[in-house]
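*Asks:* As annotated in TrEMBL:
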type	residues	note
DOMAIN	20-308	domain 'ABC transmembrane type-1'
DOMAIN	342-577	domain 'ABC transporter'
TRANSMEM	16-32	transmembrane segment
TRANSMEM	63-82	transmembrane segment
TRANSMEM	130-150	transmembrane segment
TRANSMEM	162-182	transmembrane segment
TRANSMEM	244-267	transmembrane segment
TRANSMEM	287-306	transmembrane segment
Amino acid sequence: MIVLIRIIRYLNKKQWMQILLSFVFIVTQVYLDLKIPDYMSKITMYVESPGHTVSDIIGEGKWMLMCAFGSLISAIIVGYLASKVSASFSKDLRSRIFSKVESFSMKEINEFSTASLITRSTNDITQIQMVIVIGLQILIKAPIMAVWAITKIYNKGFEWTMATAVTVLILIIFVAILMILVMPKFRIMQTLTDNINRILRENLTGLAVIRAYNSEEYRENKFDEANEELTSTQLFTSRAMSTLFPMINFSMSILTLVIYFIGAGLINAAGMMDKYVLFSDMVVFSSYAMQVIMSFMMMSMIFIMIPRAQISANRINEVLDTELSIKDGNIDTSNDDYEYEIEFDNVSFKYTDSEQYILKDIDFKVKKGEKIAIIGSTGSGKSTILNLLLRFYDATEGVVRIEGIDIKKYKLKFLYEKIGAVLQKSFLFKGDIRSNISFGENGYDKKKVEEAADASQSMEFIEKFDENFDHEIAQLGKNVSGGQKQRLSIARAIYKKPNIFLFDDSFSALDFKTDSELRYKLREKSPDATTIIVAQRVGSIMDSDQIIVLENGQIAGIGQHKDLLQNCEVYKEIAYSQLTEEELNA
């Protein structure tokens, strides 16, 4: 319950007011429900004892009907308010999680996993929503009704009271045993749901690879195993919980029988005048006893939902309470007079749970407006340098500076405004071409969009579409080729007009002619911008101001193309594996 109490701290004032209003109508509903047996008692007395007319019975019946109608109206209002509170709270909670996840670094994303974060944002919030919508109607109503009904029957008869108390005690013990059995299973179910989501996501995103390797049967078996495990766990909890309501119904039937059995004995032993009173009390007590049992029945429904909701609330709290590893800075001004745009000062990096360094003692400086290339074998740490500049991760040792200031001191929003990054995996969003190029802006500049598309060599294929810039891009850009995706991603970076361009192997899907024209346009469009290119092709970086050669996370050489051919064996090996000596010395 503590976990659930922690999650409701996110309720706003309006939602608390609606809950308070619900409480008022719940009390009204309970009061009216518990007045009905009083009128039943009077009607029973009127029927059994002489001297009363039909109009007397009808008069009490009218009041009884009004109570029932009032209770119905109150229940409808409570249901409306509960739905409103739960829906708005779920919306707010989803927004909070979405906002929090947006601020996560790659470290936090990897800790939770994408599949788990999706489940927490959808399924777990739905569990909380269900508890709120039912809890507001039942969790508040059931205890009030139980206590109120008990006070009504307390003095009606010791034997009847004891019979009711024993029944309630048996039900409490039964529910407690049930909770002990199923509570651990609910926790397992959430983990298994994450696993199902992960497998489904892998199957959908990797469908082409699965078919190419003829692995459909293997993936089906993997899914079947996860599905079977989840199904068996769900069956266990469902079967266990399915015994609850039959048990409650059985208890109600037995209690009714016991009440009437005890009542028959009491009436038989009583005098003539007391028989009418006892019979009336028995009818009323039976109604109130059923209300008590119904209250526990309603509470047991909540007990079924609370364990899962607690686990869901805990999973949501884990996301919302996660301490960010990437802290926002407070500087939002440029140091334009500083000579160097970028500096890596003895930077080393390793992942939190790893002993092996990805980068070690990286030390270089980039002047404003320079074009720098980074080359090296696969896994040498090229992309990691860009990730550190983008603060997807922070350096383990050393300092990364932009314009002489530690990038940790910059406000993240300001830092990202200075950088235009095209990552290794080109990513397009569902929408038209225009919205993808002007991504991140509310509105767009038509001229800027066209200029960015022209500079990135995208106009060539955009003009072939009937809708031109209004051409719809499918989710993940699946209706355009790899080269078109790369060019649109580059156009997005150019549109931003940043101080620094970061290209992470972003020209790999382009032919040499398009690559060359794009680089020329880029220099023409942004002559003062500093550019860092991670590349595999030596031919595309030979004209760079500096080339940084990485080997096993360390700098193997740094300098211009001709210098590296003379004094860097790693670069020489890469270069001669791709081009002839004439091409390299051209």
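Any Cβ shown, glycine's included, is placed from N, Cα and C.
Just so you know, TrEMBL annotations never went through curation; they're auto-generated.
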*Asks:* Could you give the residue numbers and ranges of same-chain residues that sit at least 6 residues beyond the transmembrane segment (16-32) on either side and whose C-beta is under 8 angstroms from one of its C-beta atoms?
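*Replies:* For the transmembrane segment (16-32), the list is 67-68, 70-71, 74-75, 77-78, 81-82, 84-85, 136-137, 140-141, 144-145, 148.
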*Asks:* So which of 130-150, 162-182, 244-267, 287-306 is most in touch with the transmembrane segment (63-82), counting Cβ pairs under 8 Å?
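*Replies:* It is 130-150, which has the most Cβ pairs under 8 Å.
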*Asks:* Can you check how the pLDDT averages out over the domain 'ABC transporter' (342-577)?
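*Replies:* Mean pLDDT for the domain 'ABC transporter' (342-577): 87.
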